[in-house]
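The following features are taken from TrEMBL:
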- B:68-300: domain 'Cytochrome c assembly protein' (DOMAIN)
- B:12-32: transmembrane segment (TRANSMEM)
- B:44-62: transmembrane segment (TRANSMEM)
- B:74-91: transmembrane segment (TRANSMEM)
- B:138-165: transmembrane segment (TRANSMEM)
- B:210-233: transmembrane segment (TRANSMEM)
- B:248-263: transmembrane segment (TRANSMEM)
- B:275-299: transmembrane segment (TRANSMEM)
Amino acid sequence: MSSLSLQFPNSPSLSQEKPIDYNHLKLQVVEEVVEKGFVGFVQFALGYWGNGHYRCIDGPGTSEQCKSLCDFLLEPTEAKGNHEWIRISIGELLLIKGRFRISTFRNTLKIIPSLVFSLGNGFSLLGFDHMFSSPLFLSLLALLAASLMACTYTTQIPLVKVARRWSFVHSAEAISKQEIAETLPRASVQDLGVILMGAGYEVFLKGPSLYAFKGLAGRFAPIGVHLAMLLIMAGGTLSAAGSFRGSVTVPQGLNFVVGDVLGPSGFLSTPTEAFGTEVHVNRFSMDYYDSGEVRQFHTDLSLLDLEGKEVMRKTISVNDPLRYGGITIYQTDWSLSTLQILKDDEGPFNLAMAPLKLNGDKKLFGTFLPVGNTDSPSVKGISMLARDLQSIVLYDQEGKFAGIRRPNSKLPIEIDGTKIVIVDAIGSTGLDLKIDPGVPVVYAGFGALMLTTCISFLSHAQIWALQDGTMVVVGGKTNRAKAEFPDEMNRLLDQVPEIVESSSSRQSDSSSG
Amino acid sequence: MIFLTLEHILTHISFSIVSIVITIHLITLLVDEIVKLYDSSEKAMIATFFCITGLLVTRWIYSGHFPLSNLYESLIFLSWSFSIIHIVPYFKKQKNHLSAITAPSALFTQGFTTSGLLTEVHQSAILVPALQSEWLIMHVSMMVLGYAALICGSLLSVALLVITFRKDIKIFYKNNHLGNESFSNVFGNTYFFSAKNYYKSQSIQQLDHWSYRVISIGFIFLTIGILSGAVWANEAWGSYWNWDPKEIWAFITWTVFAIYLHTRTNTKLPPANSAIVASIGFLIIWICYFGVNLLGIGLHSYGSFTLTSN
């Protein structure tokens, strides 16, 4: 599968070129491998045509020149045989320095990312055209990792040590200086302890002095967040350096070997045993909604090992991949490969179908059956278009609509004296294959990050109390939930029972009060 | 047919109730505080919550899939999240500081959703194959809840900035000059000379604190949403991060709010600093949620829409 980028005059060429003269404009079309790691599909491309601005593939205002260029771009290349879609990375678009006209607001918005990414040639030096694997970006990531580790070591760990220390406070004055401080006139510190325990605090009592805390995990969790981020970055690095990826479009009935399709992504990529597995596409089918739209597409795959023995068979669909030997096969796309027809009861002939581009995501495939003198320069024939495997639309030699046939109905149709029977529409499945050793590490990092972020929400509350005669002095503080803490303390302190003294204690009350 | 009518009715009821609630709040603010009206406005917001819930459930039954497949449905979900955020303090028996933010947000979101701009996506649409997964529920709902909470929190920070910078800078400097007895320990301590300054600092205190708590919750939801999206992408497309515009902007949003949380670590600084970060975050959320959809490209193009009526 290839990606094409549009190159314009006066810009540096990237690799092998095939110059095409297009009216008065010389356009160089180059082929380029998709940048590793940058997988983005763009449904439109901007082209500069010398004195105007044309939107090429998507939206209204598509000019004739544009359309024919697009049709050209979409021809299957000889090397690969068939392909599914064009990936044109925004970063590859180079607008000529000069004027360009912006026709609508929507265009403006679409232009901005390409402007940002591609103004002038100097940007490719800084690596903005392959931003996310460029050395600048990677070094910024390394800087982030270093600063995460530094912060954890220098700031967070000492904080935790301080927080964990159980410090009993022995002076009523110190307690009264806390953020929230109260005195309970006739109470016992043990009662307070019991109530705090009931409210989920960990309580420590030593003589007249009490220390309770809750939510200590909230102090540890930020360290966990940083560690989880480091884990994710490590897993991502492993993925970038050690994985294999590949895409293939296989017509129904054909097969391919896994190793032929997968390409390494970095220096750590090492092939495994499973690379010799042959994948056979038994059947490709599609489900439709009542309205005719595609609901789901399925591929029945058989995996055969080196001896030809079937080791696995599974029907995959989108969101339901196949996993074998570390390799994962995803169903990502589909295409129509051939139309099998009978012409005047002869055949069956296989006509290859080519994708035609429409606005948006809709697909359209077409093929052409030449009729009459096939050597003349302007060959006429019967055109057949199909949106999916359900029905084929036929047009006669003048381009007029002739009829619709469903592949399995076997109903003939007579066009310009030729009898056509659509035998079958054969689809191809678009598969993505991948081996990624970094995935378990990244998933662990994800899980840790989710968990530790949630725990970071907890507020670490600490309460000190001292029994001062019949009075209890209580003070507390918390690091996060500062507004709710006074209310919570008040609620808890309200629950502390008031000790109603008898006459003997009243004397000690008056002596200490 | 009945579902469509029901949906229609519920949409309009929820919109009307929220408008009435806002009117009541305005009356409270400008004219007089009528406590009974305030209570009824609280109940009205609960009624709105039930209406929007009913709306979502109706759409769910009618279309057969969880109601989060396109921009219209996610906007309804957003206004539902706002109404949840509004009534949570009510259930925890706390005074509702957020009502001034959440009720209008719910109103504007509902209004925009039901207005003429998005009519082409009002109908329940079918799900494309890539969206047919259980992860849809987890990922999108977490993201939208996260956006709602973060929007509330950032609006509270904007309110804080408005209050801080409204009068002269003189007052601000005066407060700053009071050394390390900064804003963070003012609970109950009347530290300032005039009642006006006291109320102002109290408001700033409250806004700062609630903004922090709401943004923390929003940050948790955003984290879970982004990570579940990554896991889903791995299951569906074979790659957990594709540097898609939507993913990039979600990551930027996450980073900006992480910066917000980190600016709060130094408690000596005035709260306006972190409030500025949160206000920037407000803009970034809208770029991430809406702006990227305007581009209509990339793997997340399900949410795209066109501003011009085609």
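Placement of Cβ uses the backbone N, Cα and C atoms for every residue, glycine included.
No curator has checked TrEMBL annotations; they are predicted automatically.
Looking at which of B:12-32, B:74-91, B:138-165, B:210-233, B:248-263 has the most CB pairs under 8 Å to the transmembrane segment (B:275-299), the answer is the stretch B:138-165.
Between the transmembrane segment (B:138-165) and the stretches B:12-32, B:44-62, B:74-91, Cβ pairs under 8 Å are most numerous for B:74-91. Under 8 Å from some Cβ of the transmembrane segment (B:210-233) lie the Cβ atoms of residues 85, 97-98, 133, 135-136, 138-143, 145-154, 156-157, 160, 239-242, 247, 250-251, 253-254, 257-258, 260-261, 264, 274-275, 278, 281, 299, all in the same chain and six or more residues away from its ends.
Mean pLDDT of the predicted structure over the domain 'Cytochrome c assembly protein' (B:68-300): 77.
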